Amino acid sequence: MNSGILQVFQGELICPLCMNYFIDPVTIDCGHSFCRPCFYLNWQDIPFLVQCSECTKSTEQINLKTNIHLKKMASLARKVSLWLFLSSEEQMCGTHRETKKIFCEVDRSLLCLLCSSSQEHRYHRHRPIEWAAEEHREKLLQKMQSLWEKACENHRNLNVETTRTRCWKDYVNLRLEAIRAEYQKMPAFHHEEEKHNLEMLKKKGKEIFHRLHLSKAKMAHRMEILRGMYEELNEMCHKPDVELLQAFGDILHRSESVLLHMPQPLNPELSAGPITGLRDRLNQFRVHITLHHEEANNDIFLYEILRSMCIGCDHQDVPYFTATPRSFLAWGVQTFTSGKYYWEVHVGDSWNWAFGVCNMYRKEKNQNEKIDGKAGLFLLGCVKNDIQCSLFTTSPLMLQYIPKPTSRVGLFLDCEAKTVSFVDVNQSSLIYTIPNCSFSPPLRPIFCCIHF
């Protein structure tokens, strides 16, 4: 083949980012190709759309598939380079003047066929050099994929922890205000209890804030270690075959150790101190709610903070997501336009539920609407996220960092004050009060759960 044509052919097999032959090449929407590791490293911090470095067109970086044809061609190009290298005079076996084609996996040396049969190497494990190099490169790529998945998980966790740290003081202040407002409705003799509960909340809030900072620092440090290890594996992967085999060493073992002890996000939880006489006061406004049941689509609600996890209702003994979920809505027959009302819902040990009140027009809308924090839905919900449950309220959408209720939850609706309060009945404590609700009466009770 003409040398000029050969150079053009080889040039098509070179990644424009690292300027080496492709390893695990991916072709993006615009048609340009890159090594997967190079693509990852260059666009790690851009979550969705990225610009191609070659043509500046935007592309999505999800579900990238290996370009098998390009990978095979790049592998052939490496074999040609290896053959040219091994055919040079200085690489010939000094004893037998034969081309070294064999790799000894025991002492990581290159041997000619005669040397591999010698007394010294006879019982060692041998492989053709090009086979051994490709096998080692594939092992590196597999380990890199594991590293990258952990790095992405750590990156997501770091974002969660960063957001929690940034918002934590405001969240604690909101809870303090809600509890103060609740005590203002109680008799004056509760002053000492109020003081104690507020002081405990402030103390716990400061402790958690400090722990969040430490957790965030650990994750940031782990991110640097994971990225550094990934870059080292990537560099090793791009080495010429002979260099790769002889420098391989303990790199896989070291990469395994990096994957151990991955820091996990905190599950911060503020104690909700009991308010003496809370339920007695609320029971003055007790009403009995009659429910109208209907089956709904399984994605009626979506909780964006917990990454698209459906709200539902399943028991702890049932494996999660083992069957097709069925959603059920229960609308209150009654509607409210003014006054104060209180009712309770038994949630037990279940999770994946939501209940509260909604503006009447919400009932008439498409049942596949999602919780997006917009006006009209005033709910408390509980979702199962991996191994833990999280509480949230809507309008606006907000995580509630308090213990999950395990029996009954009360709802207090004050139409004139434009507030919806949720209480843990067993603990006689305030979960949260949604202030400044954008009511558009009539208001209707709503309950949703999903069975799996």
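Note that Cβ sites are derived from N, Cα and C of the backbone, with glycine treated the same way.
In Swiss-Prot this protein carries:
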type	residues	note
BINDING	Cys93, His96, Cys115, His121	Zn(2+) binding site
DOMAIN	269-452	domain 'B30.2/SPRY'
ZN_FING	15-56	zinc finger
ZN_FING	88-129	zinc finger
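Away from its own ends, the zinc finger (88-129) comes close to residues 82, 135, 241-242, 245-246, 248 of its chain (Cβ-Cβ under 8 Å, at least six residues beyond either end). The DSSP breakdown of the zinc finger (15-56), given as helix, strand and coil counts, is 7 helix, 10 strand, 25 coil.
With DSSP states grouped into helix (H, G, I), strand (E, B) and coil, the zinc finger (88-129) comes out at 8 helix, 9 strand, 25 coil. Listed in sequence order, the residues Thr95, Glu98, Lys100, Leu111, Cys112, Leu113, Leu114, Ser116, Ser118 complete the 8 Å Cβ shell around the Zn(2+) site centroid, once Cys93, His96, Cys115, His121 themselves are left out. One residue stands out among the binding-site residues Cys93, Cys115 for having the most other Cβ atoms within 10 Å of its Cβ: Cys115.
When Cβ atoms from all protein chains are considered, those within 10 Å of His121 (Zn(2+) binding site) total 17, not counting its own. Listed in sequence order, Cys112, Leu114, Cys115 are the same-chain residues six or more apart from His96 (Zn(2+) binding site) with CB atoms under 8 A from its CB. Computed over the zinc finger (15-56), the whole-number mean pLDDT of the model equals 82.
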